[in-house]
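Data first, discussion second: the structure below is written as structure tokens.
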Amino acid sequence: MISYTYITALSILVLNVLNVACTSVDDWPNLSPQIEIALRSQRDIGKYISIDQVTGMGVSLNTLVFDKDGYTLDALNDVSTLLDVGVQTLMINLYWNEFTQKWQLCPAPFPANISSDITTSKELYWDGRTYKCEASLTVDSLVRTINTYLAETNTNIKVNMVHLLFHLKSIRIDPPSGNVSSSEIKDYISTFQPTDSHFVALNNATLNDTVSSFGTSLFTPSDLSSYRKSNYRKGDKVGFYNETRKSFPNLNTFLLLDYKRVMTTVIANDLVKSQYTYNVTSSDKKSVFLEGSGVDTTVASLSDPDAVSQCNELIHYNQDNIEVFDNISLKEHFRIVVDDNGTSFTNVTFSDFVRCGFSPILNASYYNVYNDEEGVSEIDGSLSDIVDNFIPLSFWSWAENQLIEPNRGLNISDSTDTDNDEERDDNDNDDPLVRRDMDYKSSHTAFKCVVLDENGWKVSDCYSRQPIACQKSGSPNDWHIDVKTKREYFTAYKDDSCPDDYNFGIPSSSIEMLALMSYIERENISYPVWIDMNDITVPDCFVTGGPYATCPYQMTVTRLKLAGLIAPSFIVAVVILALILCEKIFRTNPIQSNRKRHWKKAINKYVEKYDYEGVPS
């Protein structure tokens, strides 16, 4: 018989297995921070948009990090923080050191007499400026920092694309002017060629080597060429973005099917031509997107009046011609705009370029940011203050300060149909105080659906009656809204809500959003308007597909997962049962053995005493 102790142990084991299974269903990550929810929802809505149309805020590491903190390993902590808070584009100056014939991050060459302690920062004077540089800060160390971030976010919930923009520059050999001999030039060059073995082992001699540590997560020109030649792109969901030969994989293919995370692009090449300059190798062309490698990056400058005026014209475009938006979506790729100390972004210009489909790159040392405590705007050079100011403005989708509890968007329903019968009748209460109380009571459960207003997406009461944004199939920049048809969100997805060939839709990119807002302005339609998005099933998990769409991140236990959960515990249980069985078979109990010998002896004595032969008479 199995002892009570063993039964108890097995019971606890079974309960633990069941507890693990149940916990896996309910324990999905708590993604309550506003920015994280906005980042994930915008990414999910745009996952079938080609990667060249994905936009996001960027930062110049040289201007805002290294020039202020020094070119040291400690500065990489800021890089990690930038990635963590949602900055997905990093602009970096790569310097070709003509003295050492290697790429480095420090803008100045290290002297030949540098100490063997490569982790000590040095004050280096070069080209009229003094830099604080640490030899151990290499491109490899930067890549390792980014790889750490990639590993930490390698889940379906957090995965995203990181774009590195390289500006190539030269640390040129410029010997003293005048009549100098070749030996004097050689001596001059040697003064900036450290011979210490620790230093010589640092940095890389080719662009390919600088990015090779990304491994298979790097999306390369070779990958793009293979994608365009294969039939793979035919399987991408949004055919509109695959109409040209210069098509790119969509974000879903990039991240979740091909498992790519990083793309490196040279956006400017200021290498000085000389006998010591860098020559691009065939390996470079296969790993880094250079000019002519199939990516025509659009780089605009904020100081360029034409770029500003073109963006303003696009925002206020009121002509019935969707080709303007289609041409941008199909013919312009990776659109970025960079500012400088002469013309830095304001909140308005930053937001405008985001709306125009650009990725704004912060490249100025100081910005006019809003101080919440003082309630005023002030010039600030703090990286954290600058990023905190611009991150909420970096979404082409969500309006600023959305997703903040408890209000969750519009405070008062725009509907006057208070009895929710989809008709305006005598049963509806026009008293604003009564309506306010009714809206307040339902706000905690009904504010789960998304509308579009003049500032972007906002969470609203699902029972409010609004016009419906209808998007044409196969033509995502073509919209239709019938102002006479106002419905609750729960009925907006029905077939009769939109004309033939149109469906209840949502903008999946900044240009689609701009096309919709242009249509609304042109048709003089009042905001807000329903778009197909809600978090009804799981809080903070915004999905498209109507009110019954399920959250893709809600944990479920399939048979395979359940088998995986139970298998380890089942093996342990089998081992325990085997041990119990072995104990029953092979273990000898002294008390039980003595008892058997006693009775056997007594029986033998009885038999000897009363032993009979034959049948007693």
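Glycine is treated like the rest: Cβ placed from N, Cα and C.
These features come from Swiss-Prot:
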- 1-22: signal peptide (SIGNAL)
- 23-561: topological domain 'Extracellular' (TOPO_DOM)
- N113: N-linked glycosylation site (CARBOHYD)
- N179: N-linked glycosylation site (CARBOHYD)
- N204: N-linked glycosylation site (CARBOHYD)
- N208: N-linked glycosylation site (CARBOHYD)
- N242: N-linked glycosylation site (CARBOHYD)
- N279: N-linked glycosylation site (CARBOHYD)
- N327: N-linked glycosylation site (CARBOHYD)
- N341: N-linked glycosylation site (CARBOHYD)
- N347: N-linked glycosylation site (CARBOHYD)
- N363: N-linked glycosylation site (CARBOHYD)
- 409-435: region 'Disordered' (REGION)
- N411: N-linked glycosylation site (CARBOHYD)
- 416-431: compositional bias 'Acidic residues' (COMPBIAS)
- N524: N-linked glycosylation site (CARBOHYD)
- 562-582: transmembrane segment (TRANSMEM)
- 583-617: topological domain 'Cytoplasmic' (TOPO_DOM)
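Here the features listed in Swiss-Prot are painted onto the structure.
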residue	record	Cβ neighbours (10 Å)
N113	N-linked glycosylation site	9
N179	N-linked glycosylation site	6
N204	N-linked glycosylation site	18
N242	N-linked glycosylation site	19
N279	N-linked glycosylation site	7
N327	N-linked glycosylation site	12
N341	N-linked glycosylation site	10
N347	N-linked glycosylation site	17
N363	N-linked glycosylation site	21
N524	N-linked glycosylation site	7
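Straight-line distance linking the Cα atoms of N208 (N-linked glycosylation site) and N363 (N-linked glycosylation site), rounded to a whole number, equals 26 Å. In the three-state DSSP reading, N179 (N-linked glycosylation site) counts as coil. For N524 (N-linked glycosylation site), the nearest neighbour among the glycosylation sites N204, N279, N347, judged by Cα separation, is N347. Its own atom aside, the Cβ of N208 (N-linked glycosylation site) has 18 Cβ atoms within 10 angstroms in the protein chains shown.
Residues belonging to the topological domain 'Extracellular' (23-561) score a mean pLDDT of 87 in the model. Taking only the Cα positions, the spacing between N347 (N-linked glycosylation site) and N341 (N-linked glycosylation site) is 15 angstrom. Note: the CA-CA distance between N327 (N-linked glycosylation site) and N113 (N-linked glycosylation site) rounds to 57 Å.
Within 10 Å of N341 (N-linked glycosylation site), as judged by C-alpha distances, the glycosylation sites found are N363; the full candidate list was N113, N179, N204, N242, N279, N363.
Of all the glycosylation sites in the record (N179, N204, N242, N363), the one with the smallest CA separation from N279 (N-linked glycosylation site) is N204. Put simply, N113 (N-linked glycosylation site) is 27 Å from N179 (N-linked glycosylation site) when counted between their Cα atoms.
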